[in-house]
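Peer 1: Quick paste of what Swiss-Prot says about this protein:
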type	residues	note
REGION	43-83	region 'Disordered'
REPEAT	112-198	repeat 'Solcar 1'
REPEAT	206-288	repeat 'Solcar 2'
REPEAT	298-392	repeat 'Solcar 3'
TRANSIT	1-92	transit peptide
TRANSMEM	115-135	transmembrane segment
TRANSMEM	167-187	transmembrane segment
TRANSMEM	208-228	transmembrane segment
TRANSMEM	262-282	transmembrane segment
TRANSMEM	303-323	transmembrane segment
TRANSMEM	365-385	transmembrane segment
Amino acid sequence: MEARLSETLGLPSPNLNHCHFPNEFNSLFTHFSDLTSVQSPIVRNPKLKTKSSQKPPKFSANFRRSDPPFASTSISDPTHEKPGPEFLKWIKPASRSSPRIQTLIKQLSVWERAIIGAGAGGLAGAFTYVTLLPLDAIKTKLQTKGASQVYSNTFDAIVKTFQAKGILGFYSGVSAVIVGSTFSSAVYFGTCEFGKSLLSKFPDFPTVLIPPTAGAMGNIISSAIMVPKELITQRMQAGASGRSYQVLLKILEKDGILGLYAGYSATLLRNLPAGVLSYSSFEYLKAAVLEKTKQSHLEPLQSVCCGALAGAISASITTPLDVVKTRLMTQIHVEAVDKLGGAMYTGVAGTVKQILTEEGWVGFTRGMGPRVVHSACFSAIGYFAFETARLTILNEYLKRKEESEANVAADS
């Protein structure tokens, strides 16, 4: 029955190896798309033209002539005959399954991968930080010294912030966020991609240690840019008056360039474990998903889920470190100290001791709820944006590189 139907439609006889539905639906769909797109229906007997031989077979709404974006398979299977001009109009020239493209990907240098990662990271960082700035503002208000006397809970902090400054109160320091997050995220992801590519070239280096090592490298370098950005943003969220550049000038006037790095040690203390946990968790989850689905890259929903889980794990474990860092960064603001009262914090150890004395262990969990939500959302959006931007830049770069090499070959 199947053989007779295939002969009538001008298709090859069905291969039972492609019909293990639903586990191999992707393979079956790709194979079917290749055949219907590349090959024309063959008329077995020209004298007997039936409706079946005159019209192409109809497809249900669930079948499409091309794979959706981020699909695991590509219809440009090199095992099929060379497609014609009409086919080339709608297939992507930089299809990841092309042997030539795979060769170009393998030939990418460490620096090329780092630059692609930096470009994608900068775009993803700016988009993500601005999107989630309101959650970060509430988290900072709850973690500031004396916040328990001003805000009874998260909802109270939201209401009072809106009553005091309106919707703009949730976007204090947004200009510093855009500038700082773009550069810091570009440096972070660029360094991580550089580290992954470099460490992968050493066969004796344990594969399982590549993600955490690359994440640590990215955090150490990017923190030098991130700390001044966070300092200005959190000073404004804690009540400092003026615009971002005015707060920056006040810090430089009072404390010099070193004033921009108040809480740098606490930031590293938080960012290193948080960054290693988040980045490593995402890379491990990503590897597990790709291994299970046999895909070359994550689909959007998979990036969101892996990122959210990685962010939640990291935030819940590192909230105490974030509390210490926030106290050190915000307590220097004189107006806030005079308003809320209390002694100044002196270093990481002194801050930990003072929090234990005044608030007990509960003090280290301040703002955990908003922080976990913020981190899960941040990682979900951030890794999704990064993966999307990275694939877009990579495909465009490979396309241009392929065209350039083709032009050189044609000229020669």
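Just so you know, glycine gets a Cβ as well, placed from its N, Cα and C.
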Peer 1: Top stretch among 115-135, 208-228, 303-323 for CB pairs under 8 A with the transmembrane segment (167-187)?
Peer 2: 115-135
Peer 1: Cβ under 8 Å to the transmembrane segment (208-228), counting only same-chain residues 6 or more beyond its ends: which ones?
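Peer 2: Distant contacts of the transmembrane segment (208-228): 180-181, 183-185, 187-196, 199-200, 248, 260-261, 263-264, 267-268, 271-272, 275-276, 278-280, 283-284.
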Peer 1: Who are the long-range neighbours of the transmembrane segment (303-323) in its own chain, taking Cβ under 8 Å and residues 6 or more past its ends?
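Peer 2: Answer is 143, 266, 269-270, 273-275, 277-279, 281-282, 285-286, 289, 355, 363-368, 371-372, 374-384, 387-388.
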Peer 1: By Cβ distance under 8 Å, which residues at least 6 away from the ends of the transmembrane segment (365-385) in the same chain are close to it?
Peer 2: 123-125, 127-129, 131-132, 135-136, 138-140, 142-143, 147-148, 154, 278, 282, 300, 303-312, 314-316, 319-320, 322-323, 326, 359
